[in-house]
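Enquirer: Sharing a structure, written as structure tokens. Questions coming.
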Amino acid sequence: MILFVSATDTGVGKTYISTILVEYLKNKGINVDYIKPIETGVDEKPEDAYKVSSILGKPWQESVIYIFKKPMSPYACSLDEEVDIDVDRIIKTIKEREQKASVLIVEGAGGIAVPIKVKPLIDYAYLIKSLHALPLVVARAYLGTLNHSFLTYFYLKSKDIKPLGFVLNGFDYEEPSQYSNAYILQDMIEEHINIWRLDKNPDENQRINLAENIWKSIANF
């Protein structure tokens, strides 16, 4: 199966959540693998792919397909560096990796609607749909997340994609909206959906509990 870690925006913690899940599944003895097909903003090495692949003891080169220098959308980078992103190659590579693992975690770049190609638009929702993947959406815990999270949910729904759930990441106990965001988001969506919360600096038990709850929800999805 493919668990696709996407997000409402960039910089909300997709890689961090991916590391938590990979470490948890590996420690459970589950054959888990990871790939981030496109990473942008790369200086010397792709930091996201490197962080997660190092947990698996694999070279980062096995965990990324396209690397771009500037911190822009994949499509903008492809124009800037004059590289044609082969989406069929990405899908083929991911499907091949899926066959070799019990769980393949795929990490997107930026949010769910970030363009990979245009005319026609190919974004991360397109990849999720094409791969029959199960999307997990990472979002900020604080002010602004209701708008971003609901729009992300609504966009996925318009593509007939139901997310496994949302992780409201970075709860810091100071900003007041964080205490109500989870249940208000649930009310806005108007159907049951998993919404988890993770502290800004979670301890090991919190990280394990999050991964365990996500893993259990997959079995019941």
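Cβ atoms are placed via backbone N, Cα and C, with glycine included.
In case it's useful when we look at the structure, here is the feature table from Swiss-Prot:
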ACT_SITE  Lys36  active site
BINDING   Gly11, Val12, Gly13, Lys14, Thr15, Tyr16, Asp48, Glu107, Gly108, Ala109, Gly110  ATP binding site
BINDING   Thr15, Asp48, Glu107  Mg(2+) binding site
BINDING   Thr40  substrate binding site
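Help me picture these features in the structure, burial and contacts included.
Expert: Within the same chain, residues at least 6 positions away in sequence whose Cβ sits under 8 Å from that of Lys36 (active site) are Thr15, Pro46, Asp48, Ala49, Val52, Ser63, Val64, Val106, Glu107, Gly108, Ala109. In the three-state DSSP assignment, the secondary structure recorded for Lys36 (active site) is strand.
For Gly108 (ATP binding site), the count of additional Cβ atoms within 10 Å of its Cβ stands at 26 [all protein chains shown].
Around the Cβ of Asp48 (ATP binding site), the number of neighbouring Cβ atoms within 10 Å comes to 23.
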Enquirer: Using a Cβ-Cβ cut-off under 8 angstroms and a sequence gap of six or more, which residues of the chain neighbour Thr40 (substrate binding site)?
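Expert: When sequence neighbours closer than 6 are ignored, Thr40 (substrate binding site) has Ile67, Phe68, Lys69, Lys70, Pro71, Met72, Ser73, Pro74, Cys77, Ala109 within Cβ distance under 8 Å.
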Enquirer: Whose Cβ lies within 8 Å of the mean position of the Cβ atoms of Thr15, Asp48, Glu107, the Mg(2+) site, other than those residues?
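Expert: Output for this site, in sequence order: Val5, Lys14, Ser18, Thr19, Lys36, Glu39, Ala49, Lys51, Val52.
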Enquirer: For Glu107 (Mg(2+) binding site), what is the secondary structure by DSSP, using just helix, strand and coil?
Expert: strand
Enquirer: In Å, how large is the greatest distance between any two Cα atoms among Gly11, Val12, Gly13, Lys14, Thr15, Tyr16, Asp48, Glu107, Gly108, Ala109, Gly110, the listed binders of ATP?
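Expert: Largest Cα to Cα distance for the ATP-binding set is 13 Å.
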Enquirer: For the binding-site residues Gly11, Gly13, which Cβ has the most other Cβ atoms within 10 Å, all shown protein chains included?
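Expert: The residue with the densest Cβ neighbourhood is Gly13.
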